[in-house]
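Trainee: According to TrEMBL, the protein carries these features:
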DOMAIN    43-295  domain 'G-protein coupled receptors family 1 profile'
TRANSMEM  28-50  transmembrane segment
TRANSMEM  62-89  transmembrane segment
TRANSMEM  101-122  transmembrane segment
TRANSMEM  142-165  transmembrane segment
TRANSMEM  200-222  transmembrane segment
TRANSMEM  243-263  transmembrane segment
TRANSMEM  275-295  transmembrane segment
Amino acid sequence: MSISNITVFMPSVFTLIGIPGLESVQCWIGIPFCAMYLTAVIGNALLLIIIKSEPSLHEPMYIFLGMLGVTDIALSTSIVPKMLGIFWFHIPEIYFDSCLLQMWLIHTFEAFESGFLLAMALDRYVAICYPLRHASIFTPQLVTQIAAMVTLRATIFVTPSLVLIKYQLHFFHTKVISHCYCEHMAIVKLAAEDARVNKIYGLFVAFTVAGFDLICISLSYVQIFTTVFRLPQKEARLKAFNTCIAHICVFLQFYLLAFFSFFAHRFGSHIPPYIHILFSSIYLLVPPFLNPLVYGAKTKQIRIHVVKMFSS
(Lines of atoms letter the chains of each structure in order from A and count residues from 1; the text may use other names and numbers.)
(Lines give C-alpha, C1' and ligand atoms only; values in the text may rest on other atoms or scores of the structure.)
Protein backbone atom coordinates (compact mmCIF):
# COMPACT_ATOMS: atom_id res chain seq x y z
CA MET A 1 0.00 0.00 0.00
CA SER A 2 1.57 3.31 -1.08
CA ILE A 3 0.63 6.42 0.84
CA SER A 4 1.03 10.06 -0.14
CA ASN A 5 0.67 13.13 2.05
CA ILE A 6 -2.93 13.61 0.92
CA THR A 7 -4.37 10.31 -0.24
CA VAL A 8 -4.25 6.58 0.48
CA PHE A 9 -3.96 4.21 -2.47
CA MET A 10 -6.16 1.09 -2.28
CA PRO A 11 -6.29 0.74 1.52
CA SER A 12 -6.37 -2.86 2.70
CA VAL A 13 -8.14 -1.94 5.93
CA PHE A 14 -10.78 0.65 6.87
CA THR A 15 -11.48 1.93 10.38
CA LEU A 16 -15.10 2.33 11.51
CA ILE A 17 -15.24 4.87 14.32
CA GLY A 18 -18.83 4.13 15.35
CA ILE A 19 -21.00 7.15 16.14
CA PRO A 20 -18.97 10.40 15.90
CA GLY A 21 -19.43 12.56 18.97
CA LEU A 22 -20.87 9.74 21.08
CA GLU A 23 -17.78 7.56 21.43
CA SER A 24 -17.85 7.86 25.23
CA VAL A 25 -21.37 6.40 25.51
CA GLN A 26 -21.23 3.86 22.67
CA CYS A 27 -20.95 0.99 25.14
CA TRP A 28 -24.38 1.97 26.55
CA ILE A 29 -25.89 2.52 23.09
CA GLY A 30 -24.88 -1.05 22.27
CA ILE A 31 -27.23 -2.44 24.96
CA PRO A 32 -30.55 -1.47 23.26
CA PHE A 33 -29.07 -2.35 19.85
CA CYS A 34 -28.16 -5.81 21.15
CA ALA A 35 -31.63 -6.21 22.71
CA MET A 36 -33.29 -5.26 19.40
CA TYR A 37 -31.06 -7.70 17.53
CA LEU A 38 -31.85 -10.61 19.84
CA THR A 39 -35.57 -9.79 19.70
CA ALA A 40 -35.41 -9.62 15.90
CA VAL A 41 -33.64 -12.97 15.57
CA ILE A 42 -35.81 -14.80 18.12
CA GLY A 43 -39.07 -13.18 16.98
CA ASN A 44 -38.50 -13.83 13.28
CA ALA A 45 -37.26 -17.37 13.94
CA LEU A 46 -40.44 -18.01 15.93
CA LEU A 47 -42.54 -16.66 13.06
CA LEU A 48 -40.73 -18.98 10.62
CA ILE A 49 -41.29 -22.00 12.86
CA ILE A 50 -45.00 -21.23 13.20
CA ILE A 51 -45.50 -20.61 9.47
CA LYS A 52 -43.61 -23.79 8.53
CA SER A 53 -45.32 -26.04 11.08
CA GLU A 54 -48.93 -24.87 10.53
CA PRO A 55 -50.47 -26.00 7.21
CA SER A 56 -53.22 -23.38 7.57
CA LEU A 57 -50.56 -20.66 7.24
CA HIS A 58 -49.20 -21.98 3.94
CA GLU A 59 -50.83 -19.10 2.07
CA PRO A 60 -49.12 -16.41 -0.06
CA MET A 61 -49.34 -13.69 2.62
CA TYR A 62 -47.67 -15.85 5.27
CA ILE A 63 -45.12 -17.26 2.82
CA PHE A 64 -44.08 -13.70 1.93
CA LEU A 65 -44.01 -12.92 5.66
CA GLY A 66 -41.65 -15.87 6.16
CA MET A 67 -39.39 -14.55 3.39
CA LEU A 68 -39.46 -11.15 5.08
CA GLY A 69 -38.47 -12.84 8.35
CA VAL A 70 -35.46 -14.57 6.75
CA THR A 71 -34.42 -11.23 5.23
CA ASP A 72 -34.76 -9.47 8.59
CA ILE A 73 -32.54 -12.03 10.34
CA ALA A 74 -29.92 -11.78 7.59
CA LEU A 75 -30.01 -7.96 7.48
CA SER A 76 -29.59 -7.49 11.23
CA THR A 77 -26.90 -10.20 11.41
CA SER A 78 -24.87 -8.45 8.69
CA ILE A 79 -24.75 -5.27 10.83
CA VAL A 80 -25.03 -5.82 14.58
CA PRO A 81 -22.11 -8.20 15.37
CA LYS A 82 -19.54 -5.81 13.86
CA MET A 83 -21.31 -2.83 15.41
CA LEU A 84 -21.12 -4.38 18.87
CA GLY A 85 -17.47 -5.25 18.20
CA ILE A 86 -16.84 -1.52 17.77
CA PHE A 87 -18.97 -0.42 20.74
CA TRP A 88 -17.98 -3.03 23.31
CA PHE A 89 -14.66 -4.59 22.27
CA HIS A 90 -13.01 -1.65 20.48
CA ILE A 91 -12.39 -3.56 17.23
CA PRO A 92 -12.95 -0.84 14.61
CA GLU A 93 -10.83 -2.30 11.79
CA ILE A 94 -12.44 -4.03 8.84
CA TYR A 95 -10.76 -5.33 5.69
CA PHE A 96 -11.54 -3.41 2.52
CA ASP A 97 -13.14 -6.42 0.82
CA SER A 98 -15.09 -7.29 3.98
CA CYS A 99 -16.36 -3.73 4.10
CA LEU A 100 -17.55 -3.96 0.49
CA LEU A 101 -19.19 -7.30 1.23
CA GLN A 102 -21.03 -5.84 4.24
CA MET A 103 -22.17 -2.88 2.11
CA TRP A 104 -23.43 -5.26 -0.60
CA LEU A 105 -25.27 -7.46 1.91
CA ILE A 106 -26.94 -4.50 3.63
CA HIS A 107 -28.22 -2.88 0.45
CA THR A 108 -29.20 -6.22 -1.11
CA PHE A 109 -31.25 -7.21 1.94
CA GLU A 110 -32.83 -3.75 1.99
CA ALA A 111 -33.95 -4.32 -1.61
CA PHE A 112 -35.24 -7.78 -0.62
CA GLU A 113 -37.28 -6.23 2.19
CA SER A 114 -38.75 -3.58 -0.08
CA GLY A 115 -39.63 -6.20 -2.70
CA PHE A 116 -41.36 -8.53 -0.22
CA LEU A 117 -43.37 -5.59 1.22
CA LEU A 118 -44.55 -4.88 -2.34
CA ALA A 119 -45.45 -8.56 -2.85
CA MET A 120 -47.47 -8.53 0.39
CA ALA A 121 -49.28 -5.35 -0.68
CA LEU A 122 -50.18 -6.90 -4.05
CA ASP A 123 -51.42 -10.03 -2.26
CA ARG A 124 -53.72 -7.91 -0.04
CA TYR A 125 -54.88 -5.95 -3.09
CA VAL A 126 -55.96 -9.09 -4.95
CA ALA A 127 -57.43 -10.70 -1.79
CA ILE A 128 -59.64 -7.68 -1.04
CA CYS A 129 -60.43 -6.31 -4.50
CA TYR A 130 -60.73 -9.67 -6.31
CA PRO A 131 -61.38 -12.23 -3.53
CA LEU A 132 -62.85 -14.91 -5.82
CA ARG A 133 -59.80 -14.84 -8.08
CA HIS A 134 -57.14 -14.69 -5.38
CA ALA A 135 -56.44 -18.44 -5.26
CA SER A 136 -56.22 -18.70 -9.04
CA ILE A 137 -53.92 -15.64 -9.34
CA PHE A 138 -51.54 -16.19 -6.39
CA THR A 139 -50.61 -19.77 -7.18
CA PRO A 140 -47.52 -21.44 -5.65
CA GLN A 141 -45.79 -20.97 -9.01
CA LEU A 142 -46.44 -17.22 -8.97
CA VAL A 143 -45.20 -16.93 -5.37
CA THR A 144 -41.98 -18.72 -6.37
CA GLN A 145 -41.57 -16.48 -9.42
CA ILE A 146 -42.10 -13.32 -7.32
CA ALA A 147 -39.47 -14.48 -4.80
CA ALA A 148 -37.02 -15.20 -7.64
CA MET A 149 -37.70 -11.80 -9.25
CA VAL A 150 -37.17 -9.95 -5.94
CA THR A 151 -33.87 -11.78 -5.40
CA LEU A 152 -32.68 -11.25 -8.97
CA ARG A 153 -33.68 -7.57 -9.03
CA ALA A 154 -31.79 -6.81 -5.81
CA THR A 155 -28.67 -8.64 -6.96
CA ILE A 156 -28.63 -7.01 -10.40
CA PHE A 157 -29.16 -3.46 -9.13
CA VAL A 158 -26.87 -3.54 -6.06
CA THR A 159 -23.86 -5.43 -7.47
CA PRO A 160 -22.69 -2.63 -9.86
CA SER A 161 -22.30 -0.24 -6.90
CA LEU A 162 -19.80 -2.68 -5.38
CA VAL A 163 -17.98 -3.10 -8.71
CA LEU A 164 -17.77 0.68 -9.23
CA ILE A 165 -16.11 1.18 -5.85
CA LYS A 166 -13.79 -1.81 -6.23
CA TYR A 167 -12.51 -1.03 -9.72
CA GLN A 168 -13.08 2.71 -10.23
CA LEU A 169 -12.05 4.27 -6.91
CA HIS A 170 -8.39 3.73 -6.05
CA PHE A 171 -7.44 6.83 -4.03
CA PHE A 172 -9.08 7.79 -0.74
CA HIS A 173 -8.63 10.84 1.48
CA THR A 174 -8.60 8.68 4.61
CA LYS A 175 -9.07 5.13 5.83
CA VAL A 176 -11.43 6.26 8.59
CA ILE A 177 -15.18 5.81 7.97
CA SER A 178 -17.35 8.02 10.19
CA HIS A 179 -19.97 5.35 10.62
CA CYS A 180 -20.65 2.15 12.55
CA TYR A 181 -21.11 -0.01 9.44
CA CYS A 182 -20.05 0.11 5.79
CA GLU A 183 -22.63 2.13 3.88
CA HIS A 184 -22.39 3.03 0.19
CA MET A 185 -22.25 6.82 0.52
CA ALA A 186 -20.03 6.66 3.61
CA ILE A 187 -17.39 4.86 1.50
CA VAL A 188 -17.91 6.98 -1.64
CA LYS A 189 -17.40 10.20 0.35
CA LEU A 190 -13.87 9.06 1.24
CA ALA A 191 -12.84 8.96 -2.43
CA ALA A 192 -10.17 11.40 -3.57
CA GLU A 193 -11.24 10.84 -7.19
CA ASP A 194 -14.31 11.86 -9.15
CA ALA A 195 -17.14 9.76 -7.69
CA ARG A 196 -20.05 11.31 -9.55
CA VAL A 197 -20.85 8.03 -11.32
CA ASN A 198 -21.10 6.25 -7.94
CA LYS A 199 -23.37 8.94 -6.51
CA ILE A 200 -25.61 9.05 -9.57
CA TYR A 201 -25.90 5.27 -9.66
CA GLY A 202 -26.79 5.21 -5.95
CA LEU A 203 -29.60 7.68 -6.59
CA PHE A 204 -30.74 5.67 -9.61
CA VAL A 205 -30.95 2.43 -7.59
CA ALA A 206 -32.76 4.10 -4.69
CA PHE A 207 -35.43 5.64 -6.89
CA THR A 208 -35.71 2.62 -9.20
CA VAL A 209 -36.10 0.05 -6.43
CA ALA A 210 -37.51 1.80 -3.35
CA GLY A 211 -39.27 4.53 -5.33
CA PHE A 212 -41.00 2.05 -7.65
CA ASP A 213 -42.04 -0.17 -4.73
CA LEU A 214 -43.33 2.79 -2.73
CA ILE A 215 -45.47 4.02 -5.64
CA CYS A 216 -46.90 0.55 -6.30
CA ILE A 217 -47.65 -0.09 -2.61
CA SER A 218 -49.34 3.32 -2.29
CA LEU A 219 -51.48 2.71 -5.38
CA SER A 220 -52.42 -0.74 -4.09
CA TYR A 221 -53.66 0.70 -0.80
CA VAL A 222 -55.56 3.49 -2.53
CA GLN A 223 -57.45 0.77 -4.44
CA ILE A 224 -57.85 -1.33 -1.28
CA PHE A 225 -59.31 1.56 0.73
CA THR A 226 -61.60 2.51 -2.15
CA THR A 227 -62.94 -1.04 -2.24
CA VAL A 228 -63.21 -1.37 1.55
CA PHE A 229 -65.19 1.86 1.99
CA ARG A 230 -67.65 0.69 -0.67
CA LEU A 231 -68.55 -2.40 1.34
CA PRO A 232 -72.13 -2.10 2.63
CA GLN A 233 -71.58 -3.68 6.05
CA LYS A 234 -69.49 -2.06 8.77
CA GLU A 235 -68.28 -5.44 10.05
CA ALA A 236 -67.02 -6.37 6.60
CA ARG A 237 -65.16 -3.05 6.32
CA LEU A 238 -63.51 -3.54 9.70
CA LYS A 239 -62.51 -7.13 8.89
CA ALA A 240 -60.98 -6.09 5.56
CA PHE A 241 -59.14 -3.16 7.14
CA ASN A 242 -57.79 -5.32 9.99
CA THR A 243 -56.16 -7.68 7.49
CA CYS A 244 -54.08 -4.72 6.22
CA ILE A 245 -53.28 -2.77 9.39
CA ALA A 246 -50.13 -4.76 10.29
CA HIS A 247 -48.72 -4.37 6.79
CA ILE A 248 -49.48 -0.62 6.78
CA CYS A 249 -47.58 -0.18 10.07
CA VAL A 250 -44.54 -2.08 8.76
CA PHE A 251 -44.70 -0.29 5.40
CA LEU A 252 -44.80 3.20 6.98
CA GLN A 253 -41.99 2.69 9.47
CA PHE A 254 -39.73 1.07 6.84
CA TYR A 255 -40.09 3.74 4.14
CA LEU A 256 -40.20 6.78 6.46
CA LEU A 257 -36.93 5.78 8.13
CA ALA A 258 -35.42 4.70 4.79
CA PHE A 259 -36.03 7.99 3.01
CA PHE A 260 -34.92 10.05 6.02
CA SER A 261 -31.62 8.14 6.09
CA PHE A 262 -31.21 8.34 2.30
CA PHE A 263 -31.78 12.10 1.96
CA ALA A 264 -29.89 12.96 5.16
CA HIS A 265 -26.77 11.23 3.77
CA ARG A 266 -26.89 13.21 0.54
CA PHE A 267 -28.48 16.55 1.38
CA GLY A 268 -28.41 16.82 5.18
CA SER A 269 -25.09 18.60 5.68
CA HIS A 270 -26.66 20.68 8.49
CA ILE A 271 -27.72 17.56 10.44
CA PRO A 272 -25.21 16.57 13.18
CA PRO A 273 -23.38 13.37 12.16
CA TYR A 274 -24.39 11.47 15.30
CA ILE A 275 -28.09 12.15 14.61
CA HIS A 276 -27.79 10.89 11.07
CA ILE A 277 -25.81 7.77 12.00
CA LEU A 278 -28.15 6.93 14.87
CA PHE A 279 -31.15 7.17 12.54
CA SER A 280 -29.33 5.15 9.87
CA SER A 281 -28.67 2.39 12.40
CA ILE A 282 -32.20 2.52 13.80
CA TYR A 283 -33.60 2.39 10.26
CA LEU A 284 -31.83 -0.94 9.68
CA LEU A 285 -32.57 -2.43 13.11
CA VAL A 286 -36.14 -1.30 13.82
CA PRO A 287 -37.90 -3.13 10.92
CA PRO A 288 -36.43 -6.57 11.84
CA PHE A 289 -37.21 -5.82 15.50
CA LEU A 290 -40.79 -4.60 14.95
CA ASN A 291 -41.97 -6.89 12.15
CA PRO A 292 -42.50 -10.03 14.28
CA LEU A 293 -44.04 -7.96 17.09
CA VAL A 294 -46.45 -6.13 14.76
CA TYR A 295 -47.48 -9.22 12.80
CA GLY A 296 -47.68 -11.31 15.96
CA ALA A 297 -49.94 -8.77 17.67
CA LYS A 298 -52.09 -7.76 14.69
CA THR A 299 -52.49 -11.08 12.83
CA LYS A 300 -55.06 -13.27 14.55
CA GLN A 301 -53.90 -16.56 13.03
CA ILE A 302 -50.30 -16.05 14.12
CA ARG A 303 -51.35 -14.83 17.57
CA ILE A 304 -53.46 -17.96 18.09
CA HIS A 305 -50.59 -20.27 17.12
CA VAL A 306 -48.10 -18.39 19.33
CA VAL A 307 -50.41 -18.83 22.33
CA LYS A 308 -50.96 -22.50 21.41
CA MET A 309 -47.20 -23.08 21.11
CA PHE A 310 -46.37 -21.61 24.52
CA SER A 311 -49.36 -23.14 26.30
CA SER A 312 -48.44 -26.61 25.02
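Using the three backbone atoms N, Cα and C, a Cβ is placed for every residue, glycine included.
TrEMBL labels come from automatic prediction, so no person has curated them.
What does the local environment look like for each feature on the list?
Mentor: When pLDDT is averaged over the domain 'G-protein coupled receptors family 1 profile' (43-295), the result is 90.
Same-chain residues lying 6+ beyond the ends of the transmembrane segment (28-50) with a Cβ under 8 Å from its Cβ atoms: 19, 22, 57, 65-66, 69-70, 72-73, 76-77, 80, 83-84, 87-88, 281, 285-286, 288-289, 291-293, 295-296, 302, 305-306, 309.
Distant neighbours of the transmembrane segment (62-89): 16-18, 26-27, 29-30, 33-34, 36-37, 40-41, 44-45, 47-48, 51-52, 102, 105-106, 109-110, 112-113, 116-117, 119-120, 123, 143, 146-147, 150, 180-181, 281, 284-285, 287-289, 291-292, 295, 301-302; these residues of the same chain sit at least 6 beyond its ends, with a Cβ under 8 Å from one of its Cβ atoms.
Away from its own ends, the transmembrane segment (101-122) comes close to residues 61, 64-65, 67-68, 71-72, 74-75, 78-79, 82, 94, 146-147, 149-151, 153-155, 157-159, 161-162, 165, 181-184, 187, 205, 209-210, 213, 216-217, 220-221, 247, 250-251, 254, 258, 284, 287 of its chain (Cβ-Cβ under 8 Å, at least six residues beyond either end).
When Cβ-Cβ distances below 8 Å are used as the criterion, the transmembrane segment (142-165) is approached by residues 60, 63-64, 67, 100, 103-104, 107-109, 111-112, 115-116, 119, 184, 187-188, 197-198, 201-202, 205, 208-209 of the same chain, each at least six residues removed from its ends.
Residues 107, 110-111, 114-115, 117-118, 121-122, 124-125, 153-154, 157-158, 160-161, 164, 184-185, 188, 244, 248, 251, 255, 258-259, 262, 266 of the same chain lie 6 or more positions beyond the ends of the transmembrane segment (200-222) yet place their CB under 8 Å from a CB of it.
Counting only same-chain residues 6+ beyond the ends of the transmembrane segment (243-263), those with a CB under 8 A from a CB of the stretch are 110, 113-114, 117, 120-121, 124, 127-128, 206, 210, 214, 217, 221, 224, 276, 279-280, 282-283, 286-287, 290-291, 294-295, 297-299.
Here the transmembrane segment (275-295) has long-range neighbours at 19-20, 22, 33, 36-37, 39-40, 43-44, 46-47, 65, 68-69, 72-73, 75-76, 79-80, 83, 106, 110, 113, 178-181, 183, 246, 249-250, 253-254, 257-258, 260-261, 264-265, 268, 302, meaning same-chain residues at least 6 beyond its ends whose C-beta is under 8 angstroms from one of its own.
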